[in-house]
């Protein structure tokens, strides 16, 4: 590792100290990411722009260390054209962790706020989102927080999904309070358990509707109102969905909702064509078991201009979630994090065992 790569500089960005290697210059604030501060920067090694996410004090508590470890593992594992790529990672002498990723010019939230999207852009953006999900879902990874602001887009209309830090194993006891409300699948609110990759399809369906219509399809004011606005379009939850509700309180709430009939999607989206409406209805099915999969959605006639089964890979192996049930002390997560970072930089962990943390964390590769 060169001296240049292993030396750090402190830079103040709008009152926040970024302690980065000298490889990164021209830091400019972008905003808050999931659990971290975001900056744009110039990578002196490549000459190109990058995004720097600072996760503050990940070793201050086991829950923070575990969450950061999960994000690191996922970024390393999920290598796909439509998922944001990890370019570099290091732990600063101040023990903050920095993720360096590709920098894309804008996100879908900003695009939708500025102007209506033309049909070919709606089609191409939807295709790329589903292409990413076809890759991650067989790996046992669910994003769980898909929304326009974490759909990144560059000037060539290349799309990449970011913020997989909240993603978790498809297990029967998935924790309940995740996705931004407008894009949250009804089964999350109804059961808080036993949900899977279908929640991502619902979220992308909501984004699809928003791209068509120019406004959120289900703008709930709170948890209760969210379910109400869903039933105003889709009608009352069907019996097969109600029967999955395990909470008595939730069951009583659903039973007390006014009985509603489904509204025609063609009436709700008068500017959409028949293929758009058909796919949208398949994505926004109340019953997650009947909701279309990413692979089947890619094969839908609406996406025929882009669909190519030979160029829509799935993950080769399932993501190893064995760490996720571990209840470890912070120091153990720290050791595991250093090991993952060394592995990312292709450093032989055994040969580096005598190195001190300050010399093993710099971003050199």
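Cβ atoms are placed via backbone N, Cα and C, with glycine included.
The active site, proton acceptor annotation in Swiss-Prot covers 145 and is backed by sequence analysis. As annotated by Swiss-Prot, ATP binding site applies to 30, 31, 32, 33, 34, 35, 36, 37, 38, 53, with the evidence given as sequence analysis. Feature annotation from Swiss-Prot assigns domain 'Protein kinase' to 24-303. The annotation phosphothreonine is assigned in Swiss-Prot to 175 on the grounds of similarity to another entry. Per Swiss-Prot, the feature phosphotyrosine maps to 177; the stated evidence is similarity to another entry.
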Roughly how many angstrom lie between the C-alpha atoms of residue 30 (ATP binding site) and the residue listed as 'active site, proton acceptor'?
-> 20
Can you grab the distance from residue 38 (ATP binding site) over to the residue listed as 'active site, proton acceptor'? Cα atoms, rounded to a whole Å.
-> 18
Within the same chain, the residues at least 6 apart in sequence whose Cβ is under 8 angstroms from that of residue 36 (ATP binding site) are 53, 54, 55, 56, 99
Sparsest Cβ environment (other Cβ within 10 Å) among binding-site residues 30, 38 belongs to 30
On the domain 'Protein kinase' (24-303), the mean of the pLDDT values is 89
May I ask you to report the DSSP-based helix, strand or coil state of residue 36 (ATP binding site)?
-> strand
Looking only at Cβ atoms, how many others are within 10 Å of the one on residue 145 (active site, proton acceptor)?
-> 21
